[in-house]
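Everything below concerns the one structure shown next.
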Amino acid sequence: MRCAYFDAGVCRSCTWMGRPHGEQVADKERHCATLLGERADLVWLPPVTGRESGYRNKAKMVVGGTVEHPTLGILDGTGQGVDLQGCGLYPGSLAATFPVLAAFVTRARLTPYDVPARTGELKNLLVTQSPDGEVMLRFVLRSQEPVARIRKHLPWLLETLPQLRVVSVNLLPDHKAVLEGDREILLTDTQTLRMRVNGIDLHLRPQSFFQTNTEVAAALYRHAASWVEELAPRTVWDLYCGVGGFALHVAAPGRDVVGIETSVEAIASATLSAADLGLSGVRFAAGDATEFALGAVAPDLVIVNPPRRGIGDVLSRWLEASDVRHVVYSSCNASSLARDLAAMPSLRPVRAQVLDMFPQTTHYEVLTLLERA
Ligand SMILES: C[S@@+](CC[C@H](N)C(=O)[O-])C[C@H]1O[C@@H](n2cnc3c(N)ncnc32)[C@H](O)[C@@H]1O
């Protein structure tokens with residue numbers, strides 16, 4: 001894949017831009033195999049690849065420029081806006097919303113936040129597209145000052161972009177290099193975006209995590225579910241469950257599944273999906289994964305899908321000392337996975353698969369099956 005922004009040196013976010021996709025995937029497999037080390041009983045399954053462009057379901061557009069001429073993209077080294085509306089990582093239908101959103105910035109007089117001067121209001125536009133083409137839009141603002149103007153012009157936006165389902169404001173008053181703050185104000189009656197994956201309706205609320213690449217995420221859930229099916233555990237935990245992707249895929253008659261996640265919003269979404277599907281054996285609770293494990297009776301199988309930092313020492317040591325027979329560990333950072341594996345020598349990886357969730361970058365997902373020796 002080629003990118004004009006990359007070639008012009010305007011954006012270097014995709015560090016592997018221009019390299020053949022097959023070569024990228026082979027490098028990711030080598031990288032992961034090196035980190036996991038020589039293991040006689042580890043079987044590597046063929047990698048999962050999806051489309052190499054247009055794969056992102058979520059755009060995180062930093063807003064710069066002026067009310068009359070806003071930029072949607074990133075900020076350069078001096079804090080000035082760089083417009084990346086033509087970024088090839090977004091599907092055309094998602095990218096088609098950008099010019100309308102830029103026009104809305106002007107129409108509703110939303111002054112882009114000026115990082116060096118610390119003035120202005122609109123920091124980011126976060127846009128997520130579901131597999132059905134429906135869209136969630138979040139305005140990340142410094143304060144509530146522009147909210148009345150957003151509400152006033154919202155009917156125009158909803159008419160111009162009929163695919164918009166959920167619109168909200170997120171408040172980020174601090175001058176911090178983060179994407180969003182803690183407080184969310186919903187502007188539409190609809191609160192959740194329906195993300196249909198493998199025929200299961202996952203419900204995404206504004207402040208919940210969702211895998212970036214829906215096509216590869218669908219394969220990730222399918223493969224994890226088939227591994228779990230083979231092992232036929234009676235009790236399963238899905239730790240770091242987000243909106244419940246793994247838990248809902250491994251639900252089966254006679255199986256108890258518990259999903260644990262810190263985000264209350266994500267847990268509400270997961271609970272809604274379980275109710276929609278009439279799954280009585282699946283329950284979700286908000287809380288810290290490690291604290292939950294330390295206070296509960298170990299299940300037959302544990303699925304973990306932690307953030308980049310991994311599951312950490314305490315949970316690794318708990319799993320090592322527990323009766324859990326199998327762990328399905330889905331990781332977006334093979335370095336922290338390797339460190340966690342070192343703390344669980346009795347749980348040996350017997351199966352691994354690289355999933356190219358983030359083409360053009362060095363990042364990838366790896367799904368592993370650990371078995372008690
Ligand atoms: C990589 S995401 C995985 C989400 C989910 N498994 C999925 O497939 O979408 C990691 C999740 O862990 C949650 N999380 C972060 N720290 C946590 C903790 N200490 N205990 C439980 N969940 C946590 C995050 O909110 C996020 O939803």
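Quick reminder: no glycine exception, Cβ is built from N, Cα and C everywhere.
Automated prediction, rather than curation, is the source of TrEMBL annotations.
The S-adenosyl-L-methionine site in TrEMBL is built from Q211, E261, N305 plus one of Y221, Y240, namely Y240. If you compare Cα positions, C332 (active site, nucleophile) sits closest to N305 out of the binding-site residues Q211, Y240, E261, N305. In this structure the residues listed as binding S-adenosyl-L-methionine are Q211, Y240, E261, N305; their two most distant Cα atoms lie 15 Å apart. Over all protein chains present, the Cβ of C332 (active site, nucleophile) has 20 other Cβ atoms lying within 10 Å. Neighbours of E261 (S-adenosyl-L-methionine binding site), defined as other CB atoms within 10 A of its CB across all chains, total 28. Shown in sequence order, F209, D238, C241, G242, G245, F246, P306, S330 are the same-chain residues outside Q211, Y240, E261, N305 whose Cβ sits within 8 Å of the Cβ centre of the S-adenosyl-L-methionine site. Sequence-distant neighbours of Q211 (S-adenosyl-L-methionine binding site) (same chain, six or more apart, CB under 8 Å from its CB) are A217, L220, G245, M357, listed in sequence order.
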